[in-house]
Amino acid sequence: MGTSDIIDNQTIDFEYIVTSLINSYSSQTSYAYLLQGVLIFYAYIRGVGRNGDFWRIIYIGTLSSFIAALTSNICKIISDKQIENGGETNIIIFYVTIFNETLYSIRNLVLPYINVIKVKPLLGEKEKKKLRIFIIVMTVIHFLLRYNIGFWRLNHKYMEATDDTLIRYYGFATISIAFTDIVCSMIIIKKLLENYHIAARKQLKISVFKYFFQSALFILLFVDFFSLIIGVLAVVDSPMLKLAFVPLVGLNSNIILLLAFDALIFKNDVIQDMNSSYNYSYCSYRQHSNKMIPFNSVDQYGNHHQNNNQYSYDSQYYYQSNNHSECHQCSECNCSKCTTCPNNKSQCRNHSIAISEPLENTYDYVSQKN
């Protein structure tokens, strides 16, 4: 006896719902939402971006989509069993699905609001106000389109997602989101190009294409047009085109996971760039420090600045604090002669490197003391 036979012979109870729910994850969309929820919640447990607006939107969208997918599966399981037993779907199920459209709407609005976060720093106050009004209007439109799907189910007592009219409604809702995303992305590109031209006039070396890919803008544009394609395929009345609709919907279920993964990659790239910059600064400092000549001042000046080592370099006077030693376990300097290691210890106080601002009028101060 197969799993489906066992399920068919059960009555509607907790065991039946759980068994059917587990079996439903053979569906690609159900499994996609489950996988996405597990990975994003794991990131939340590990404390990834809890205080950032970007990750806050990611977490809210993930939670909404997970609950929505779970609720939809449970409602469909109960409805199918009631119809199989010769009855009709309880009307409460349809009201639950109407409310469930709220969660799906929140999930779909993740990308537009992420775009808003990215574009706001680039805008003036008037532009921000216009964008805020635009986002509010498109949010209301999307909620109405999603609620229209729920009320259509209620009026037709239909829980499946295979009806052409229902698929078309899904398409209109998806197009509204894609349109909102693309508008925000176009604003970002416009501001990016303006900044690029300013940098070019100042003869700064900058690659707009490198920034385009590293700023996660590329992935946002990809998702924007991907959603637009799904919406068009759902609206167009063509059997051949609708064959591509099903696998694309499965991929679209993991959009939030794609955005989160892209954000982690971007963060890793930033950390690597920071490390590269630090290593370059450290090596540059070592080269400059080797060229410095100790400046022997009078005793009074040395006593007054007993915590500082003074150097003369290119007619400027600098000082280096003992707290910014370049010694690493004294492997590169003779500890018996090393003035940067207190008490000739084998370890330095810390490994941070810093050169302070020039000491102004040092020569005048020393002359006065003489």
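Glycine too: its Cβ is placed from the backbone N, Cα and C atoms.
Please treat TrEMBL annotations as automatic predictions, because they have not gone through curation.
Positions annotated as transmembrane segment by TrEMBL: 28-45 (among others).
If you look up TrEMBL, you'll see 57-79 (among others) marked as transmembrane segment.
Outside the transmembrane segment (91-110), and at least 6 residues removed from its termini, the chain residues within Cβ reach (under 8 Å) are 57-58, 60-61, 64-65, 67-68, 71-72, 75, 78-79, 139, 142-143, 146-147, 149-151, 153-154, 157, 159, 173-174, 177, 255-256, 259. The transmembrane segment annotation in TrEMBL covers 91-110 (among others).
The transmembrane segment annotation in TrEMBL covers 131-149 (among others).
Annotated transmembrane segment per TrEMBL: 169-190 (among others), in sequence order.
Look at TrEMBL and you will find 211-236 (among others) tagged as transmembrane segment.
Feature annotation from TrEMBL assigns transmembrane segment to 242-266 (among others).
Just going by CB pairs under 8 A, the stretch in 57-79, 131-149, 169-190 that sits most against the transmembrane segment (28-45) is 57-79.
Non-local neighbours of the transmembrane segment (57-79) in the same chain are 12, 16-17, 20-21, 24, 29-30, 33-34, 36-37, 40-41, 44, 49, 89-90, 93, 96-97, 100, 103-104, 106-107, 109-110, 113-114, 117, 159, 253, 256, 259-260, 263; each lies 6+ residues outside the stretch with a CB under 8 Å from one of its CB atoms.
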